Amino acid sequence: MVSYKVTLFTGNRVAAGTFNHVFIKLVGTEGESERKWLVGFKGASAFIRGAESSFTVCAPTSLGKLVLVEVDKKSLLLFPEDSWFLTKVEVKSPDGDTFTFPVHRWISDSSVHRFREATALRIIDDQHHLGRYSREQELKEREEDYRWHVYAEGIPHCIKADGPTSLPCEVQFSFTKTTEFLFTASSGLSELKLKGLDGCKKGWTNIDDIDRVFCCKQTDIADYVQEHWKEDSFFGMQFLNGVNPILIRRCTELPRNFPVTDCMVFPCGQMSLAEEIKKGNIFLCDYKHLDGVKTNTINGKKQYLMAPLVLLQKTEDKKLMPIAIQLKQAPAEDNPIFLPTDPEYDWLLAKIFVRSADFSEHQLNTHLLRTHLLAEVFAVSLLRNVPMVHPLYKLLIPHTRYTLQINFLARNLLISEKGSFTQFAASGGEGMMTILRRSLSAVTYTSLCFPDDVAERGVQDVPNYYYRDDGLRLWEITYRFVKGVIEFYYKNDEEVQQDSEIQKWISDIFKHGFLSQACTGIPQSFTSVAQLVKFVTMVIFTGSAQHAAVNSGQYDYGGWMPNTPISLKRPPPTKKGVANEDTMLETLPDVNVTVQGMATLWLLSKQSSDFVPLGNTPEQHFSEDTPCEFIKNFQAELEEQSRRIKARNKKLEVPYKYLNPEEVENSVAI
């Protein structure tokens, strides 16, 4: 008889243990063991939370190189079937070799689960029927667990699920995350002390009343926003370092539908638009995707959403100042171009309409589509097409944590027929889907790759653009890490081309994420190592850094409602000189719309206690020394970048913290 030492590692997380009977079978290139009931001196405590328990499994002869373990569990009379989080299985052979089988998943039923050896060479899979069977069987099961679903035509596809508990256990929230999320969601209005106001369908009659509600829950930046929201310099700064910093681009010529003249913006003749454009000092924000969108009706009142064009100038003191705003796309006599020299409330209302448009553009395009929905596509395709022992799976699986469940909840709680966005945002309902479809049609691979996007928008040298500075640095750090890991496993382009699993991964992404639109520039297959490295960098960056940049500051910049109204209930002025403070208050959303918006932004900005920062992984998926060393280097570079950002922020009036690696979550998890 030949003896193998088998050690099972139960996860150190809430409710990870099991009191069920656990069984294991070892499968090697030369044979397999009998199915063994793992019982020892620890008894029922062998598989409690955080336990490492060893057992002896015998076989008549050597099993050769171990390629697979089969694990299952059975319930007892006193203990019903439960869920068990198994981290990994380690097996030490009689020859002293150690084989590692990564699991990192919940086992919730009595089925047999098969796990492959972590360092199994692809040649073994190709030549040995056990390797082929285990890989094909795993992917067959995963294709059933992770099925595509068309939530709405014209937007990225998602996972098919009837409810959060119908999702595979391995992608569900932890007990801690579930408890905190439900509590935060249900107590949002209470925590903000807004209970009672959520049913008030009246308008605001005094700015001080908004102030009293806002004072219930503030942050340092939200306080600053309240104090400075009317200032042009702050309005301009938000295009660089607010929650929607991807819209601004250098203006190389004025759009034909934006007939701004020199005498409008430079009445003293001190300079000309042509000269300033040539110098690279003029920038444009165009909300054309919102044009003609059907708007919501809230509290029985029609809501209004504009599609503005905003012209900004970089000044000698390195500020970005708005110099012209047109609130509708088509120029007309009743669509005036508003200027800083206009009466106070004309100009302020124009900026309020821009900020309200920015809310819809940000939430639906920048935030929901370009981070949440795309991250889900990347994750579902990975989980369907790539086996657990594949290096791409090990590299990307930490960046899928909680994404599928948070997106399911977003569809149910935010954008469904009864969702808060649908009910309380100007673009809720039919308009929301119109914007999502238009936005997806405009997505390009260039716009998803951070350095390429910065160059394409012409914003390489804009001063005080901390989103750009921190984002470029994080992209570089992530790129070096990904390059090291990918090049360790793929020695040449031919190996990439012949890897059917990563080819199926990208093929599904192109089909289900970008709806097979070649004009997006998204790869349809991988032809080189360099191409794979860049795409994987983009995937990690999108689900971590980019999501943090457009998500974490939502309450900071939107908690003070006048700075980011989620809806407006009066049309914009059609001529100048008639607006006043009453006009502004009558335009702002009703009380219940305001407090629902505040509560939602508070929920979306709240960090969970089991938050995992970029570069950190609760489970260790790689077993080889080289990729583990790359992970350590990645973490060290992130720590150094965090120190740089903290030192810089001490000198800033408004610190930019959203891309501090310590504040960047590893995945789209909120």
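Backbone N, Cα and C atoms are what each Cβ position is placed from, and that goes for glycine too.
Predicted automatically and left uncurated, TrEMBL annotations should be read as such.
The domain 'PLAT' annotation in TrEMBL covers 2-121.
Sequence annotations record features per position, and here TrEMBL assigns Ca(2+) binding site to Gly17, Asp82. Sequence-distant contacts of Asp82 (Ca(2+) binding site), defined by Cβ-Cβ distance under 8 angstroms and a gap of at least six in the same chain, are Thr18, Phe19, Asn20, Ser75, Ser108.
Annotation comment: TrEMBL describes Trp106 as site 'Essential for stabilizing binding to COTL1'.
Mean model confidence of the domain 'Lipoxygenase' (120-670) amounts to 93 (pLDDT, 0 to 100 scale). Feature annotation from TrEMBL assigns domain 'Lipoxygenase' to 120-670.
For His367, His372, His547, Ile670, the entry in TrEMBL reads Fe cation binding site. A simple way to gauge crowding: the CB of His367 (Fe cation binding site) has 22 other CB atoms within 10 angstroms, across all the protein chains here.
Of all Cβ atoms in the shown protein chains, 22 besides its own fall within 10 Å of the Cβ of Gly17 (Ca(2+) binding site). If you take the Cα of Gly17 (Ca(2+) binding site) and the Cα of Trp106 (site 'Essential for stabilizing binding to COTL1'), they are about 10 angstrom apart, rounded to a whole number. The Cβ of Trp106 (site 'Essential for stabilizing binding to COTL1') lies under 8 Å from the Cβ of Ser83, Trp84, Phe85, Cys169, Glu170, Gln172, each on the same chain and at least six residues away in sequence. For the recorded Fe cation site, residues His367, His372, His547, Ile670 set the reference point as the centre of their Cβ atoms, and the other residues of that chain within 8 Å of it by Cβ are Leu368, Thr371, Ala375, Ile406, Val550, Asn551, Leu604, Val668.
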